[in-house]
Each structure stands twice: as structure tokens, then as C-alpha cells.
Amino acid sequence: MTVRADPLVHTDVVPDTAPPAASQRVFSIDLARGAAVFFMIAVHTLWMFGSREAQADSSFGHWVHVAGQGACAFLITMGFSFMVVRDQRLGSALRRGAVILLVAYGLNVLKFIVPIYVFGTMPEAFIAAYGWHSPLTLTQALYLIGTGDILAMAGISFFLIGLVRHFVTHKYGVLALAFGAVGFSALVRGTRIGYPPVDAVLDLLWGTEWNVYFPVFPWIANILVGMFLGMVYREHGRDELALLRAAGALGLILLIGGGLVTMTDWDYHFNDFFHTGPGGAVYLIGAGLCVFYLGARFLAVPLRHQRGFRAALTYLSRHVTTLYVVQWTLICWAMGLIGYQTLGVWQVAGMMPVMIAATLLIEYAVRRAAGLMRGGWAIGDVPAVPDGVPRGRGQPD
């Protein structure tokens, strides 16, 4: 029996005092990543199916967009896991980064090119949203393939944080780099040289245009803060309460400090969620840490010993990247039936659980079919550590 791990999520966490074969999961981290699965599907369903009125003129749309800011917490958990994974080799981090980049741009082909050129089902309204019309030119098709989302940002970040983990050994050095990344982004954001191939790379690093949704700077700061928390966790003997105390205290400081800075010039510091200035970046990190802390403190206690819930949460956490790929593919392909931004508030609210269920079922089916073709099982009865938390053997996808 084989359980395949997610390439973006390090899950083979080993206690310092445990035997080499042992494995242990951090429940609060699994809780954050597992919850992120539901929020990301809901938000993307709203973006692609919800009408302008449903998104901008309703309380429902407003709160779903607020929930979508959980991307910060997800990146923080990614950085945490990066510091507590068994395999700390630089080469491993570089290989992961390369794999994630391939997945990111392969997803763009599935999202855009397949429904446009293979199925012929992409709504014209979606094409028109870019200011284009069918048929697309080669340049326009390449623009869609080159769109930078959170996976592209994560892939590039793995190259950088691999170097950080290899050369920076003190937790406050890593935290200083997080703030340095925010400050650096303020100096270079939006910089281009006027040569399109190079500008495309620069946009991935610090762009402010809509060809890139998650530029590496300042978003990598979230990952670096997560790495800092991972180092705190390890220094305190892998004490989850120490992790939560550090997350809560740091989150409150950054939330207040970033909020105060942002209020001095809202348009500059928080012009939009994806391309924030330094104040907005710090504020979002603080908000992500506070949400993580509150969720873990108030939900982890009653849910920690629910074996079935933990098993489901562990699965979601381990496979968040493949779930991300499936849900985006499903949503973009479904636009051929539903249309682009056509649903009202109640319709899009009803569509969210449908898309969540469809994503989980399709991801399960694909993973199981792949496992059967390899001569094993993709998922099934999972061996557990003594506290009942399911675990895998740590193979990459």
C-alpha cells in the first residue's frame, strides 16, 4: 500500500527524539491546510461563476473574498513544513521547485488551452474579459500559458528558500529575511526593462500586472515567516503550544503594525490583494497568523481526538496541490456549461458545495486509478502512528 505525498507539502515530520522510521503530524498545520482546500474552491467558484453583482455588491461575495485571503496562512504552513521535513538537502528543495513549476504551467494548459483549442467550450465572455476576441493569436495563447499563480510563486520560492535553509541557521536571521523581502519588494515592484521575455521573468519576481497574481516578492515573506515558526517549533522540542504562542504573538504585532502603515496610504499599500505594498504585505501576514492561531486554539481542542475527522483532514493536507490542480481544471472546463460570471448570489452559493464535492471525488478517482495502474493503492487503509493520526511513507507525487 502506497500513499503519495503532495509535492508542495512536506509531511514526513520526524520528532527529534523519535526512531528514524517514526512519523508525526502537527494537527494545527493539517487543520489550516485542510480548511484552505474548502476556502480556495469556494473563492475560485465565486470568481469564475459569480456575476459582478454577486462578487462586488453582496455581503456574501465580500465575506467569501475575505476567506480567500487564507492564501497567506497556507503559505505560512508551507514554510513551516519546509523546516521540519526529514529531507533537508538543498538538492531536494531545488528538485521540488522544478516539479512545482512544471505543474504550475501544465495547469495553465489544462485551464485555458484545452477548453479553448481542444473542447472549443471556453465562453467568449471570458476571452472578452482580457480585451480579446476569438480566435486568439499565438501571443495571446502564450500569455495565458505564462500566467503566474500561487504554484508558480511557490516553485520559484523553493529555489530561494532552499538556499535560506542551507545557509541561514538562526531563526531570527530567517525572520529578518522575511522583512527584508517585504522591503525589497517596495524598491523593485513593477520594475521592467522593456524587453518582453525578460519582463515576463521580472513580473514573476515582483510584477504588479495581472499576468502574475502572486509575485515572489513580497509573497515569499509568508513562507519565510513559516520557516521561522518551524525553527521555533523544533527549538522547543516540537511543542505545538510553543508554535501557537509564537504565531499568535507575532501575528498580533504584524497585524497592528501593518494595519497602521497601510492606513497612511491605502492605495499604495493595499491597492489589491495580489499586488500589495509593504504595509499590506505585513498586515496580511499578521492576519494569516492570527487566523491560524485562533483556529488552532478554538478548533484543535475539540477536534483533535476525532479520528475520522483527523483522517480526512490529513488527506486534504497531504494532497492540497493535486486538489488545487483538479479544482481549477474542473472550474475552467465547467465554464463551457455554466458560462463566465453568470450566476447570482444564491446560485453561486449553491454551486460551491457542488464544486467542492466534485473536486474531492474526481481527485480521489484520479489518484486511485493512478495507483491501480502502478500496481498499488493510491489511498485506502492508512497505517497510523500511536495517537491515531494517519501517515504515509513520505514518497513524493
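Cβ coordinates are placed from backbone N, Cα and C, and glycine is handled just like the others.
Curation plays no part in TrEMBL annotations; they are all automatic predictions.
If you look up TrEMBL, you'll see 25-246 marked as domain 'Heparan-alpha-glucosaminide N-acetyltransferase catalytic'.
Annotation comment: TrEMBL describes 31-50 (among others) as transmembrane segment.
The feature transmembrane segment is assigned by TrEMBL to 62-85 (among others).
As annotated by TrEMBL, transmembrane segment applies to 97-120 (among others).
What TrEMBL lists as transmembrane segment is 140-160 (among others). Residues of the same chain lying 6 or more positions beyond the ends of the transmembrane segment (140-160) and with a Cβ under 8 Å from any Cβ of it are 8, 71, 75, 78, 93-94, 96-105, 107-109, 111-113, 116-117, 130, 132, 200, 203-205, 207, 211-216, 219-220, 223, 321, 324.
The transmembrane segment annotation in TrEMBL covers 172-190 (among others).
Residues 71-72, 75-84, 143, 146-150, 152-154, 156-157, 160-161, 164-165, 171-172, 174-175, 177-179, 181-182, 184-186, 188-189, 200, 203-204, 243, 246-247, 250, 274-276, 278, 281, 284-285, 288-289 of the same chain sit 6 or more residues outside the transmembrane segment (210-230) yet have a Cβ under 8 Å from a Cβ within it. The annotation transmembrane segment is assigned in TrEMBL to 210-230 (among others).
Residues or ranges marked as transmembrane segment in TrEMBL: 242-261 (among others).
Beyond its flanks by at least six residues, the transmembrane segment (281-300) meets 27-28, 31-32, 35, 69-70, 72-73, 75-77, 178-179, 182, 185, 218-219, 221-222, 225, 244, 247-248, 250-259, 261-262, 269-270, 273 of its own chain at Cβ-Cβ distances under 8 Å. Taken from TrEMBL, the feature transmembrane segment covers 281-300 (among others).
According to TrEMBL, the feature transmembrane segment maps to 321-340 (among others). Panel annotation: around the transmembrane segment (321-340), residues 6-9, 37, 40-41, 44-45, 48-49, 100, 103, 107, 110-112, 114-115, 119, 121-123, 125-126, 129, 150-151, 351, 355, 358-360, 362-363, 366-367, 397 of the same chain, lying at least six beyond its termini, place a Cβ under 8 Å from a Cβ of the stretch.
Taken from TrEMBL, the feature transmembrane segment covers 346-366 (among others).
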